[in-house]
Amino acid sequence: MPKASHQDLRFAFRELLASGSCYHTASVFDPMSARIAADLGFEVGILGGSVASLQVLAAPDFALITLSEFVEQATRIGRVAQLPVLADADHGYGNALNVMRTVIELERAGVAALTIEDTLLPAQFGRKSTDLIPVEEGVGKIRAALEARVDSSLSIIARTNAGVLSTEEIIVRTQSYQKAGADAICMVGVKDFEQLEQIAGHLSVPLMLVTYANPNLHDDERLARLGVRIVVDGHAAYFAAIKATYDCLRLQRGQQNKSENLTATELSHTYTQPEDYIRWAKEYMSVDE
């Protein structure tokens, strides 16, 4: 079978956005997982920012990974991927000019689409970790991203957090990003279908949801009718890999009979030590969770 080019995969992603169906992403974090996801028939994969931080730095999701580190991992995946890969580009690694550099590098890496979010990252002195940038700044980032891409088939997706503002404020933000030219709108923190319907009724571009398997949003047909085309349930495959590594090495060391049997979430917490970063952020930056 002939290998699909990066542009082929970008067109394939756009076909997903233009369809009438809802697709769930595979968590793709290295070349092997990309090949497995494609072989199993997944229509789209995602390289999550949090997963990249874990894979590259063994660090929690505190915007610690650099653009070059993220792009290197995306490039490794892009060499072999035969499914469209969506890159979670966080805040674009800086201001609107940094966003342009991010788009240039990720386009060269071969991703089919990328999200740029309006969270105030990295955490700022004296601010909450969930604060968002002004909508005007977010619009500037989306416009800059569109200007920077060379291949117009690369999808630029604006992401915002529906869990930290009122529904009315989220509607204003998403409409602004749509007007700026975003190919799709991604939202995290949508509570239920009632909230989603209120927001979706004001938008015409395709939607992407990061649900983390929210049981209140478990209806693909209803999601599709509301314009949702991409759903990110989380990154279970990556955490399963952590658990499998731990269990295998534990068995190899003859420790399988010990009472300790940590879950994947507990293992991630143990080996990334997020409480240290939270303490440092409070001590040195007065950051409020």
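Note: Cβ is positioned from N, Cα and C throughout, glycine not excepted.
Note that the coordinates shown come from a computational prediction; the quantities given were computed from them, not determined experimentally.
Record check, Swiss-Prot: substrate site residues include S50, R159, and the candidate from H235, H269 also listed there is H235. It is H235, among the binding-site residues R159, H235, whose Cβ has the fewest other Cβ atoms within 10 Å in the structure shown. For the pair R159 (substrate binding site) and D88 (Mg(2+) binding site), the C-alpha distance works out to 9 angstrom.
According to DSSP, R159 (substrate binding site) sits within a strand segment.
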